[in-house]
C-alpha cells in the first residue's frame, strides 16, 4: 500500500488547504492595511478641522474688542438686591463688534428662564441674541444691544422652576457699576505682505589710506673747538710744551667728533623704529576695516536667503500620501499573486 503522503488526493487536499491559508492571510493583510489607512485619514481630517476652527475663532476674536463690567440686579422700585442676580454670572462684558455695542452676560439654570426682555431708559426694547446655549452645563450666553452711556437696563423675565412649582413674571432693573464706555476699534489682521530687507551695498573706498610718514629731524652734532694756543715763546722748552698741548687738543677733538657721530646714529635708529611701527599699525587698521566690510557684505547676503527660507511653506501630507500609495500597491500585488496561484493550482487539479 502506498503511504498517505504519496497519495495524489492527499497532496491535492494539502495544496488546497495551503492556498486557502495564503488567501486568508492576504485578505487579512489587505483589510488591516485599509483599516489603518482609514484611521490615519480620519486623524488627518480631525486635525485639519481643529486647525480651521482655531483659525476661525482667532479671527472672530480679533474682529471684536471687549471690556469687563460689573453690575447688580435690583428689585423694581428699590435698591435691594434681587434673586435674579444670583442666576447671572459676574462680571459681564461690553463688546464692540462691527461698530455696534453689546452687553454680554451668562445665565445660570438657563432652563428656568422661559422669557427675558431688556429695555433702555426710554422703555424701548433692546435686541437680544443667543451666543451660546450649553445644554449640558445648563447655561446660556446672550448679547443685549446697548449704546455707550447706558447706566441701567430694565428687565422683564418669566421664571419657571418645576421642582418647587415656581412660575412667576416680574420686573427688575440691572444697574451697571459705571456707564457703558466707548471702546476703541478692534485691530484688523494685517494682510500686508512683509517687506523683504534689501542687502545694503558696501561703500567702495574712494581713497586708500596711506600710512603717515613721520618726520625725522636731523640732529646736528655740536662740535666744540678748542682755543688756539698763542703762546709763542722763544725758548725751546716752551715750544716743546705748546706742541704737546696741540696734540692733546687734536686728540680730544677727534674723540668728541666720534662720540657725536655715535649719538646721531642712536637718535636716527629709534626714530626709524617708531616710523616703521606706525606704518605697520596703519596697514593693519586698513586690513581690519576691509575684513569688517567683507563680513558685513556676507551677512547682508545671507539675510535674503534666510527670508526666502522663511517664506517656504512646510510640505504637509506628502508622507501620508506616499505611505498610502505604497500600501495599496503592496496589497494589490499580494492579491494578484494569490489569485494567480489559486487559478494555477485549480488547473493542475483538473
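Cβ atoms are placed via backbone N, Cα and C, with glycine included.
Here Swiss-Prot flags 75, 82, 166 as heme binding site. According to Swiss-Prot, the compositional bias 'Low complexity' annotation covers 203-214. For 252-268, 278-296, the entry in Swiss-Prot reads compositional bias 'Polar residues'. Residues or ranges marked as compositional bias 'Basic and acidic residues' by Swiss-Prot: 299-314. Annotation source Swiss-Prot lists domain 'NEAT' at 62-184. The pentaglycyl murein peptidoglycan amidated threonine annotation in Swiss-Prot covers 316. Residues or ranges marked as region 'Disordered' in Swiss-Prot: 188-314. The motif 'LPXTG sorting signal' annotation in Swiss-Prot covers 313-317, and the record cites sequence analysis as its basis. The annotation signal peptide is assigned in Swiss-Prot to 1-46.
Within 10 Å of the C-beta atom of residue 82 (heme binding site) sit 21 other C-beta atoms, taking all shown protein chains into account. Note on residue 75 (heme binding site): other Cβ atoms within 10 Å of its Cβ, all shown chains, come to 16.
DSSP labels the residues of the domain 'NEAT' (62-184) in these numbers: 12 helix, 73 strand, 38 coil. Taking every pair among 75, 82, 166, the residues listed as contacting heme, the largest Cα to Cα separation comes to 18 Å. In sequence order, 159, 160 are the residues near residue 166 (heme binding site), counting only same-chain partners six or more apart with C-beta under 8 A.
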